[in-house]
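Lifted from Swiss-Prot, the feature list:
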{"type": "BINDING", "residues": "261, 266, 284, 345", "note": "Mn(2+) 2 binding site"}
{"type": "BINDING", "residues": "266, 343, 345", "note": "Mn(2+) 1 binding site"}
{"type": "ACT_SITE", "residues": "273", "note": "active site"}
{"type": "ACT_SITE", "residues": "347", "note": "active site"}
């Protein structure tokens, strides 16, 4: 789909980036000369714009052999970064998709800035193309014409085409993997059960030669996974603990544990959600989708790291045998938990998932979950809440998230917070100390199972979905943290 070339391969549709500056330069200047100064004229007359994210279209004279040119405003070069480039490309490809263009030649060198080298621009191009042209998979009876997608993108450059092609490939892998996660999260809950999620993971394992283990209910009972089993009690769908192992080193050391919450539907259980809050709870497996998306990138790019991915999956339903407030359960770790809120179920399955990852060699842990409404109140829908017990590990993850443009913000876990989750007359822990500090209480609870293992907790409740369409696609799932997790794995520095 993406091709690097030193020559103009497709003249029907061209795309050129324009910085706000007094004079054109580089490839933009060369194209202006080919068009006998028309770009300069159009800029002066205001018919095309170099302001950031402004798109303009121009139809040259037939003798040039070029049918149409899309101009992408990039703003001031001094303000131009990876994120600005990503938005510019996204606006371009979304417009091309809407115009049903199937091929385009992009003058890549016009999108290069002093802080954005050619390889980064190429990565951004392919990643943004796939994110921007993603369409929600629906189940309507279609009678309209079939969708037409962009099939050929030629990145024309004076740089080494082999290096540019490699960067295009990495960006393509990142974009496709994010879209895979989006599709999982958008699926209706009757079409994505825990068994379906396990089947999807098995397909990944087969494709990328991961070691895979899928624990069923009987195996969980033998091991004593009281957290997952308690949440599953109200369901007719069997639970699954999905384990993928990728070994990129000779020895199984410095193992990164990725743990995803896989609640395929959440009614709240007997602590029942109101109707309005229940709609959309198919997305409560967003953490598992982020982990699987990251594993797709890992499988494609094969970093020299060791990774164990653990997904604890069930739905949270109601029946005569369902988990009740006041129940006391025994987790895989042996710690007992007093259930004060059956709608605080995600932390129960994560407790067993985290413990299982530790038991199977994880030396550091990152858990990902659509866990609390509290994090949305605190941070909104653009920033993922983060908690940790290890500043060095957090710093490594923060660097990865910044590189990917995914905003995070650290919330504290104090000794008083830990005391609140340990406050129970009946058990070692309680699963819901109260509404105040809700997001922190959830993180503190999971931290009781991470114990001394370096650990980062990502609460993506606010960022896993969006209600506003953007240049990066429609409403629905965002695939948040897929790129950050994969980048963290690639850059991870273990014990020194």
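Positions of Cβ are set from backbone N, Cα and C atoms, glycine also.
Not measured: the values here are computed from a predicted model.
Annotated Mn(2+) 1 site 266, 343, 345; additional same-chain residues within 8 Å of its Cβ mean position, judged by their own Cβ, are 231, 263, 267, 268, 269, 271, 273, 284, 316, 342, 344, 346. Cβ neighbours within 10 Å of residue 266 (Mn(2+) 2 binding site), excluding its own Cβ and spanning all shown chains: 27.
Excluding the listed site residues 261, 266, 284, 345, the same chain places 231, 263, 281, 285, 316, 346, 349, 369, 370, 371 with Cβ atoms within 8 Å of the centre of the Mn(2+) 2 site Cβ atoms. Residue 261 (Mn(2+) 2 binding site) has its Cα within 10 Å of the Cα of these recorded positions: 347, taken from 273, 343, 347. Just so you know, the Cβ of residue 273 (active site) picks up 15 other Cβ atoms within 10 Å once every protein chain is counted. In this structure the C-alpha atoms belonging to residue 284 (Mn(2+) 2 binding site) and residue 343 (Mn(2+) 1 binding site) are separated by 12 Å.
A distance of 12 Å separates the Cα atom of residue 345 (Mn(2+) 2 binding site) from that of residue 273 (active site). Of all the Cβ atoms in the protein chains shown, 29 others lie within 10 Å of the Cβ of residue 347 (active site). Cβ neighbours of residue 343 (Mn(2+) 1 binding site) (same chain, under 8 Å, six or more residues apart in sequence): 266, 268, 269, 271, 272, 273, 316. The number of other CB atoms found within 10 A of the CB of residue 284 (Mn(2+) 2 binding site), across every protein chain shown, is 25. Residue density at residue 345 (Mn(2+) 2 binding site): 28 other Cβ atoms are found within 10 A of its Cβ, drawing on all protein chains shown. All protein chains shown were included, and the count of other CB atoms within 10 Å of the CB of residue 261 (Mn(2+) 2 binding site) stands at 31. A coil conformation is recorded for residue 343 (Mn(2+) 1 binding site) in the three-state DSSP classification, outside any helix or strand.
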